[in-house]
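Visitor: Would you mind keeping the following structure in view while I ask a few things?
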Amino acid sequence: MPNFRPFLHFTILILLINSGLILCHTKGLRPKRNAKGKQLTVNMTQVQQSEQQFMKWVQFVGSLKHSLFKTAKNKIFPSFTLTVDKNPSHGDFTSIQDAIDSLPFVNLIRVVIKIHAGVYTEKVNIPPFKSFITIEGAGADKTIIQWGDTAQTPGPNGKPLGTFGSATFAVNSPYFQAKNITFKNTTPVPAAGAIGKQAVAFRISADTAAFVGCKFLGAQDTLYDHLGRHYYKDCYIEGSVDFIFGNGLSFFEGCHLHAIAPVTGAVTAQGRSSMLEDTGFSFVNCKVTGSGALYLGRAWGPFSRVVFAYTYMDNIIIPKGWHNWGDPLREMTVFFGQYKCSGPGASFAGRVSWCRELTDQEAKPFISLSFIDGSEWINF
């Protein structure tokens, strides 16, 4: 088993020096972007302001290297590999959490944790500062991590965990990777209108995370894309209501989004709350299937931003396409768009008037990895 003690003091020193390595992106803290510093005219309507701000954002995204992060320092260190197996004679650990806990408090070394085939019934948390962890399974149908908490499950202090604390697997440090593994919340699909039944399978609360060939299984609130820049490639995401939600800046490529809603559900609930935030979800070359009647998204945040491009949509999509979260004012500030989608559910006929059928120019920033500064940190 690798001995990480010699690296502990050195990695703490590196972390203190490299202040660029923070837990989440801070791009949303920039002031408003107005062309050449001009102020918005006083008589401009809220709709016009939103439109102007969006088009400036479109021109900005993908045109600059605007990450606040420095080059990942782990490239100068060797990688270590740990193994997890249900049989103690076949691995370094029998528990995924034990493998994570074995790492130093501050980790800047790429560590690959190979999880052998099996069903691991445990709740896993990667704390802050344990960066550069890769979790690799034997295949998404062979390696499964599962737990069954909901928002109303009592926590250690006797109070409900809440949605945030219900996650089967939670990541709170940057440069995380997951490959060929299933994250599952075993809570059944709740009845319509049920309270406290949010049940997260996976929560990512840090920047620069990538997922390849993974499955995320749950019902209400399956994947909590909380914050940071994230990349999902060839993943399967299943749920009923708002099963991809949060305020991340995330790019989903070649993913299968499958609804198990008994009646009505929604794929996304994106939480962008300000014009200052560079966040949003982009789905490219994806597929939407399943049961029930499905909204593509609900405006969880007043400036929610979601785009579907080159995506197949089955006939389960509600013709209106999008929901305003019961707040008509959000119709003036959200950005919901489609670009060259296909399938019986992709027709723009019947869509709400406040969503967009994107032009080539409008779609361009959303359909490549530049949307999440991918060239700076995605390296498989």
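Positions of Cβ are set from backbone N, Cα and C atoms, glycine also.
Taken from TrEMBL, the feature active site applies to Asp242. Taken from TrEMBL, the feature domain 'Pectinesterase catalytic' covers 89-374. Look at TrEMBL and you will find 1-24 tagged as signal peptide.
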Visitor: Please list, in sequence order, the residues in the chain of Asp242 (active site) that are at least six apart in sequence and whose C-beta is under 8 Å away from its C-beta.
Guide: Gln220, Asp221, Ala266, Thr268, Ala269, Arg298, Trp300
Visitor: For the domain 'Pectinesterase catalytic' (89-374), report the average pLDDT of the model, please.
Guide: 96
